[in-house]
Structures are given as structure tokens and as C-alpha cells.
Amino acid sequence: MGKDKKEEAIFLRKKITLLRAFSLLIGSMVGSGIFISPKGVLKNSGSVGFSLLVWFSCGLLSMFGALCYAELGTRITKSGGHYIYILETLGPLPSFLFLWAEFFAIRPANSAVVSLAFGRYMLEPFFAPCAAPVPAVKLVSLLGYYMVLTLNSWSVTWSARLQTALSIVKLLALALIIVPGMMLLAQGHTEHFQDAFDRQSLVLDKLPLAFYAGMFAYSGWFQTGFVREELVKPERNIPLAVIVSVITVIVGYMLTNVSYYTVLGTEDVLASPAVAVSFVQRAFKSLISVVPVLVALSCFGTMNGGIFTFSRTLFVASREGQWPPLFSMIHIRRHTPLPAVMLMFPLVTAMVCIGDIYHLLNFFSFSRWLFIGLATLGLIVHRHRHPELQSPFKVPLFVPVSFTIICLFTVAMSFYSDPVNISIGCTIVLSGFPVYYLIIHRQMSDRCRNLFYYLTHKLQLLLEVVQQEIKTY
């Protein structure tokens, strides 16, 4: 009996090696961002030269953030990423506000952006040189997202295998853009780099939006924090994995953007709904049907990874008592976190139907970078409170200080850049205050508690899910 119980707890067994951690980070960072963000970065930076500076700066900023999270991952031994870092360093209220914003803003908007990119690249070859109809793009986007939901509800094993396979597809898609672009650059096609730093086109109050677009493309460097309890030798493997993976992605993204600008001018990039498709149409028409499909599959893999990490966050939040226990339950036959997987279904559907990629990107980026900045602020606080704690990996103090200041400054400046979407995101974060004090901080009455448990029990029977005892090995 004891042996069977141990087998059931295999979910959080330490099985993620250094190679698998590296693959997880690469697969998470290289997604839809590099194929949709170049337009947003260029639009808000104003010129080719400044856009390349933004891309490099975003890579450097991501490295700073990744190093901070690597230290947090060696100090705090629980899984949960942003949520658990904020909870352990700044307390329950900020961590609940993150969870609230993650559910209502960050995660559904992020999933909607990736889903829309998937739909656009899937349909673009069939309608080129014209843009694909918006209703068709949204329909295909939803179908792709529902396929990922079904897969994650059906089998954790198959969703993990798919993620591994699609990580290879992501790198192949980048290679098919970088290699032709570098070949043309070597042949002397540098006309689009003339007057690259045009100061007249630079608008300073739009730069935060350019950074949001660039940082969206790099986002994923924090994924090891979600699976901290499953990592083999985390004190060694977390720093190694984040350093190698971020450097690899910085080089890949810079070469990809140089390839884009070697073939396409600024007007072409700004007019293109799908930059990678426009690149292939101009450079190598023989690949016109291959690259968009690879990009769409890359987006599909990003959707798959996003659902996995979000369900892990809900697992940890339920374990900490800040989220209903239903969302830490698994299906009795499929052994999948069915309630956590299905939770985002209505919100993502609504955002895909009514949203646009770039408005959604600004909308959720405010909340995401606010709480990432708070997490690295928490690292500074944790160092001050626990000077006796000897962390096996420690970054110089200026790294978390500078990263935190840049994140919070960018968040503040974005109110001037896109006040409508940023205000909506801010309102969603603030709306979590009364919820926290009415439900989490204040004990529910016996009547409300009994009603809550009754509804949870009925949903548990309906979904055929049970509570799993979480163990680490």
C-alpha cells in the first residue's frame, strides 16, 4: 500500500536534468514572440537601429532577471515561480494580487496573443499576398487553443512529448530565417540599414511599449521556477541552464532581426501582419508554405507550455491556501490537472474574440512586469532579512537593484504610452484587494464555508477529480 502511494506521487519526482531544464527554457522563450514582436518593437522605437538596440537591451535585461530568479530558485526550494517568490519574500497580499492578475489578465491575454499568432500564420499562406480575414484567424486561433486544452486534459505524457518535439521545430523555424538572411547580407544587401538611427522618428514615450514587445519575445527565462521541486541538483543546474539558454536566445534573436531587415524595409515590416511570412515571400518563395507552418507549430508549443506552467501555479496556490482546493486535484483516470487546465477556457475565448494582438500584449505586459519587478525586489528584501542564509548562487546587488528599477520605471512610463489598456490592467490588479480581505484574510462564516465545500464536492464528482498528495523526492 505504501509503495502504491509513493508511485502516485511521481508527479513531482526530481526528473528534470540540466539538459531538460535547458530545453524547457529554450522551448519557452523561442515562441510566437520573435515572429510577431518585430513589428511592435519597430513601431514604438522608430527606426531599424533603435529597434535592434531595444532587442539587445531586452536580452540584457532578461539576463539580469534570469540571474535574479536563479538566485531566488536556490534560496526558495518550492515550485510556483513568480507566485511563490512573492509569497515567501513580500507576503500573502502581494502574492494573491499576482495570482488574481495572473488569472484575469496576464495568463488569458498571453494565451490569446499566442493563439492569434498561431491562427494568423496558419492562414497567411492561403491568402498571401492579402491578409487573412480576421474572423477566420480568430476561428483557427480558438481551434488551436482548444486542441491544446484537450491534449493537456487527456494526457500529461503526450503534452510533454509534444513540447519536446516542438522545441526542435522552433529552432528549425529560426534557422530557416537566419541562414537565408545572412547569405543575402554577405552578398551586400545592406540598403535597409542606411540611416539606421533616425532620431526624428524616435518617440521617447513609446519606448516602454517597444520594451514590452521585446520582453514578450524573451519571456520564458523564468520557467525553471515553476518546476523547482522537480529539478535535479537545482543549486547547480538552475544558474547554468538560465545563463546558457538566455545567451543562446539573445544571439538567435539578434541574427533573426538582422535577417528580417536585410530583406524587408521598415515600411514592409510595419505593414506586415505576419513578418516571417513577408520575409519568406521576399527572400525565398520556395519556402512560402514551410516557414509559416513551422511558426504556427512553434506558437502551438508555446500555448502548450503556457497551460502546463499555469496549472502548476494553481497547484502551488491551492497548496498555500490562496486558491480553491479543486484546482490542485487531478483526474482519477487520466492523471491530468483537469480543473486547472480548463479554468482559462472562457477568458481566453473572450479575449481572442474581442482582442487584437498588440493591444492584448500591452494589456497583460503591465501586470506581468509589475510583479516580476516585485519578485526581484523580494530578493533584495530576502537578503536583508536573512543575511545568515548562504545561497549557493549569488548575483551582485546591482543586478536585482537595476532590474527592479527598470521594470518598475517601465511600468510607470507605460501609463503615458497606452493609458487605456494599462489602466484596465491596473484596475484588475487593484480589484484583488477587496477579494483578498473578504475571502482570504477574513475567515468565512460557517454557512459560507459549508456551501463552498458542498459546491466543491459536487464539481469534484462531476469532473471525476481527486486531491493528490504532493511529495518531492
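Backbone N, Cα and C atoms are what each Cβ position is placed from, and that goes for glycine too.
As written in TrEMBL, here are the features:
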type	residues	note
TRANSMEM	21-42	transmembrane segment
TRANSMEM	48-70	transmembrane segment
TRANSMEM	82-106	transmembrane segment
TRANSMEM	126-148	transmembrane segment
TRANSMEM	168-189	transmembrane segment
TRANSMEM	209-227	transmembrane segment
TRANSMEM	239-263	transmembrane segment
TRANSMEM	283-303	transmembrane segment
TRANSMEM	338-360	transmembrane segment
TRANSMEM	366-383	transmembrane segment
TRANSMEM	395-416	transmembrane segment
TRANSMEM	422-440	transmembrane segment
### Top Cβ-contact partner of the transmembrane segment (239-263) among 21-42, 48-70, 126-148, 209-227 (pairs under 8 Å)
48-70
### Query
Looking at 168-189, 209-227, 338-360, 395-416, 422-440, which one has the highest count of Cβ pairs under 8 angstroms to the transmembrane segment (82-106)?
422-440
### Query
Between the transmembrane segment (126-148) and the transmembrane segment (338-360), are there at least three Cβ pairs closer than 8 Å, leaving out pairs fewer than 6 positions apart?
yes
### Query
Which range out of 21-42, 209-227, 366-383, 422-440 gives the transmembrane segment (395-416) the most CB pairs under 8 Å?
366-383
### Beyond the flanks of the transmembrane segment (422-440) by 6 or more, those residues with Cβ under 8 Å of it
92-93, 96-97, 99-101, 104-105, 321-322, 362-364, 366-367, 370, 414-415
### Task
Please check if the transmembrane segment (366-383) comes into contact with the transmembrane segment (168-189), where contact means 3 or more CB pairs closer than 8 Å and the residues in each pair are separated by 6 or more positions.
no
